[in-house]
Amino acid sequence: MRDDSGPPLEEDQARPPRALPPVPSAIQVCSSFVENNSRMDQQDDLVGEDDIPLSHPKKKKSRTKSSLATASSEGHAEPVVNRRAEGSEPPAAELKEHPEAPAPRRQKKIRPPPELETSLTERPSSPSLLRNENGIDAEPREEAVIPKPRRKAKKTQPAEPQYASELGVEDEDILTDEQSTLEHHSRFTAPTGVSQPVGKVFVEKSRRFQAADRSELIKTTENIDVSMDVKPSWTTRDVALSVHRAFRMVGLFSHGFLAGCAVWNTVVIYVLAGDQLSNVSNLLQQYKPLAYPFQSLLYLLLALSTVSAFDRTDFAKISVAIRNFLALEPTALASFLYFTALILSLSQQMTSDRIHLYEPSVNGSLWAAEAEEPILVPWIIVNLVVALLVGLSWLFLSYRPGMDLSEELMFFSDVDEHPETGTKASP
């Protein structure tokens, strides 16, 4: 209800136009379109019956439901309906005044081309005349909306790594074979094709990739592996172990050579002395040039053989060595026999010197008359015992030539501490 308490306005005095609220651009276009339709309806009423072609019946263009729904949702549907009703009043009055005249037909409105409709919808809202309650056209107060130009988003291309300066392209790097076109796969799916081996491979040399034949590359890698296997890195332990094994082989040779020399020495002595040592003077005269060289060689071989035999025995643990000797262990027995033979050979070294200096006419004090036999008999017996001891030692060591207890102690002590590994010392 309107408040009528205010002073009444005079009929002759026109009311000032009331300012309407700003209308959105879409609603404004819709209202202008409705106003144009109402004006065209008024013009159609004024046209005569003869001017309207009969072949074209009147068709009333209905508004789209979407425009009415949009107008009603924005709250401006009532003004549009009221304006439509006001615009339709004059034709009804004329029909009442002239009831006999036939109802005039309206002309078919020509639909503007799509270019104009597009320009009409895209054009910014122009100030249109709207009618207020008194029927006076008034311009709505609305700020012109300037459409903002849309900027097309440019796709950022990933920066390509600049490796052209570092990696050069050579003629041999370019493959002349026909290359099949690669199918475009999605980024996150693995290719389903099976890779085929290529005859050429690219190897980086001095910060550049060079083409090389696959077969030649495989040969070079195999040669490198073989050379690495042939020349392993040696440690101090490996050198000591190799020297120890080499000396063991030399000692084994000296054992056999010493046994042969001792037996030969004994045979020569008994042959030169005759039966029952009856010709001692002949022994002294014939054995004189052989005394020094042969006794020196015999002493050298005895020393090497004794050290080699001791090297095979574990003397770091005295109790273990004594137990092995009492158990008649071959290496322990050979060591004891060689040491005994060396002591006996040294005990008869003075007699060997006297044999070397045998001259009855010059050195009569060294060899007195009838004193030759008592001096030579012990020397002959000692040489016989040395030959027997050396021969037995050689037989004991020949029974087990690869046995070396000191090697197991010095180089394979970690194997003894962890017997569960099942590793044994190599001979």
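From the backbone N, Cα and C atoms, a Cβ is placed for every residue, glycine too.
The region 'Disordered' annotation in Swiss-Prot covers 1-172.
Residues or ranges marked as phosphoserine by Swiss-Prot: S25 (among others).
Taken from Swiss-Prot, the feature compositional bias 'Polar residues' applies to 28-40 (among others).
The feature compositional bias 'Acidic residues' is assigned by Swiss-Prot to 43-52.
Residues or ranges marked as phosphoserine by Swiss-Prot: S72 (among others).
As annotated by Swiss-Prot, compositional bias 'Basic and acidic residues' applies to 75-87.
Feature annotation from Swiss-Prot assigns compositional bias 'Polar residues' to 118-131 (among others).
Tertiary proximity for the transmembrane segment (252-272) is limited to same-chain residues at least six positions away from its ends with a CB under 8 Å from its CB atoms, namely 279, 282-283, 286-287, 290, 294, 297-298, 301-302, 304-305, 308-309, 380, 383-384, 386-387, 390-391, 393-394, 397-398, 401. What Swiss-Prot records for 252-272 (among others) is transmembrane segment.
Tertiary proximity for the transmembrane segment (290-310) is limited to same-chain residues at least six positions away from its ends with a CB under 8 Å from its CB atoms, namely 247-248, 250-252, 254-255, 257-258, 261-262, 265, 268, 331, 334-335, 338-339, 341-342, 345-346, 349, 352-353, 355-356, 386, 390, 393, 397. The transmembrane segment annotation in Swiss-Prot covers 290-310 (among others), and the record cites sequence analysis as its basis.
Positions annotated as transmembrane segment by Swiss-Prot: 325-345 (among others).
Look at Swiss-Prot and you will find 375-395 (among others) tagged as transmembrane segment, backed by sequence analysis.
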Excluding the flanking five residues on each side, which residues at least 6 beyond the ends of the transmembrane segment (325-345) place their CB within less than 8 Å of a CB in that stretch? 295, 298-299, 302-303, 305-306, 309-310, 312-313, 382, 385-386, 389-390, 392-394, 396-397, 399-400, 403, 405
Excluding the flanking five residues on each side, which residues at least 6 beyond the ends of the transmembrane segment (375-395) place their CB within less than 8 Å of a CB in that stretch? 255-256, 258-259, 262-263, 265-266, 269-270, 273, 277, 280, 283-284, 298, 302, 305, 309, 333-334, 337-338, 340-341, 344-345, 347-348, 351-352, 354-355, 367
